[in-house]
Amino acid sequence: MKLAVIGGDGIGPEVTDEALKVLRALRADIETTDLDLGARRYLRNGELLTDEDLALLREHDAILLGAIGAPGSVPPGVLERGLLLKLRFALDHHVNLRPSKLYEGVESPLKNPGEIDFVVVREGTEGAYTGNGGAIRVGTPHETANETSVNTRYGAERVIRYAFELAQSRRRHLTLVHKTNVLVHGGGLWQRTVDEVAREYPEVTVDYNHIDAATIYLVTDPSRFDVIVTDNLFGDILTDEAGAISGGIGLAASGNIDATGTNPSMFEPVHGSAPDIMGKGIADPTAAILSAAMMLRHLGDEANAVRIEEAVARDVAGRDPEAPISTTEVGDRIAAAVVA
């Protein structure tokens, strides 16, 4: 298994090291290539993501990312557009996959959360994030700006099909989230596509929520959800809310996936680079380790993905919430548990 590793910035390299520790406990065939991408490189030489970097990434089976960002050192949007979004579009990561699970021993901010175990399938290469827009008369009283949301049948359908396949392997329930009563063109395309694809999956029940209703249900009744499929912007909102109700983004993993397998998919913890705790050895690597499990599942190694997830569940359940986290100790415990 050839892995490209982007440790990135802040605590990124620390948590990625622990994810690799767990992977190597299970697999002896892992070959890694470290790539220097992120704020440190940008501040050093102004480079973000070159054609050579992309060519090297394409030689690998998957990409493991730590964290990107240097708040206060790099202007907002530079790393997001020049590195992260460029990676997503260049490698056609059209599926953003975000599981949300409340583990035993983890406190939710919800008073009575019930069972939280669902997945958000977010379209990753279209919608409002394509950069299709502009502004005129900037800085004047007549300034006008627009951001065009681009939705194609091709782009929506491939993500919707991925979501149906996922739902079929889980509890067989899919929820489309959009705003079809106002966004009648883009929303209509999504609704029609879901309705048509649903005929091929008669075992999967389907319902629909407006985005505003979905944000309410995530707080009042999260157990109603199994697989949520939605567009880029709404998915961005829902996935952060989903992380918050299930114990925080410190436990949240994600995948940026080319479902065709043409390009390597990328897996990462949701949390940021947290430069304030960099080098202190107190960053929680759990999300990075769960990202590694997602990667194994994507590559067809279901058995080892389950081993990691079960080891994480036991480890989280046994933690003292008042005790400080040790990055390497968490990695050591989970690496030992997956082979016990």
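Numbering starts at 1 and runs along the chain as it is shown here.
Here the Cβ of each residue, glycine as well, is placed from N, Cα and C on the backbone.
Features as listed in Swiss-Prot:
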- Arg88, Arg98, Arg122, Asp212: substrate binding site (BINDING)
- Asp212, Asp236, Asp240: Mg(2+) binding site (BINDING)
- Gly272, Ser273, Ala274, Pro275, Asp276, Ile277, Met278, Gly279, Lys280, Gly281, Ile282, Ala283, Asp284: NAD(+) binding site (BINDING)
- Tyr129: site 'Important for catalysis' (SITE)
- Lys179: site 'Important for catalysis' (SITE)
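Features recorded in Swiss-Prot, as mapped to the structure shown.
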{"residue": "Arg98", "record": "substrate binding site", "Cβ neighbours (10 Å)": "23"}
{"residue": "Arg122", "record": "substrate binding site", "Cβ neighbours (10 Å)": "27"}
{"residue": "Tyr129", "record": "site 'Important for catalysis'", "Cβ neighbours (10 Å)": "22"}
{"residue": "Lys179", "record": "site 'Important for catalysis'", "Cβ neighbours (10 Å)": "20"}
{"residue": "Asp212", "record": "substrate binding site", "Cβ neighbours (10 Å)": "9"}
{"residue": "Asp240", "record": "Mg(2+) binding site", "Cβ neighbours (10 Å)": "13"}
{"residue": "Asp276", "record": "NAD(+) binding site", "Cβ neighbours (10 Å)": "9"}
{"residue": "Lys280", "record": "NAD(+) binding site", "Cβ neighbours (10 Å)": "12"}
{"residue": "Ile282", "record": "NAD(+) binding site", "Cβ neighbours (10 Å)": "14"}
{"residue": "Asp284", "record": "NAD(+) binding site", "Cβ neighbours (10 Å)": "23"}
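Largest Cα-to-Cα span within the substrate-binding set Arg88, Arg98, Arg122, Asp212: 27 Å. Cβ neighbours of Gly272 (NAD(+) binding site) (same chain, under 8 Å, six or more residues apart in sequence): Gly10, Ala67, Gly69.
Lys179 (site 'Important for catalysis') sits 8 Å from Asp212 (substrate binding site), counting Cα to Cα. Taking every pair among Gly272, Ser273, Ala274, Pro275, Asp276, Ile277, Met278, Gly279, Lys280, Gly281, Ile282, Ala283, Asp284, the residues listed as contacting NAD(+), the largest Cα to Cα separation comes to 16 Å. According to DSSP, Asp212 (substrate binding site) is assigned to a helical segment.
Reduced to three states, the DSSP call for Tyr129 (site 'Important for catalysis') is coil. DSSP assigns Met278 (NAD(+) binding site) to coil, not to a helix or a strand.
Mapped onto three states, the DSSP output places Lys179 (site 'Important for catalysis') in coil. Sequence-distant neighbours of Ala274 (NAD(+) binding site) (same chain, 6+ apart, CB under 8 A from its CB) are Gly10, Ile11, Ala67, Ala283. Distance noted between the C-alpha atoms of Arg98 (substrate binding site) and Ile282 (NAD(+) binding site) is 24 Å. Checked against Asp236 (Mg(2+) binding site), the binding-site residues Arg122, Asp276, Asp284 differ in C-alpha distance, with Arg122 being the nearest. Summary of the Mg(2+) site environment: with the site residues Asp212, Asp236, Asp240 set aside, the chain residues having Cβ atoms within 8 Å of the Cβ mean position are Ile211, Thr215, Leu233, Phe234, Gly235, Ile237, Leu238, Thr239, Glu241. In the three-state DSSP scheme, Arg122 (substrate binding site) falls into the strand class. Neighbours of Met278 (NAD(+) binding site), defined as other CB atoms within 10 A of its CB across all chains, total 17.
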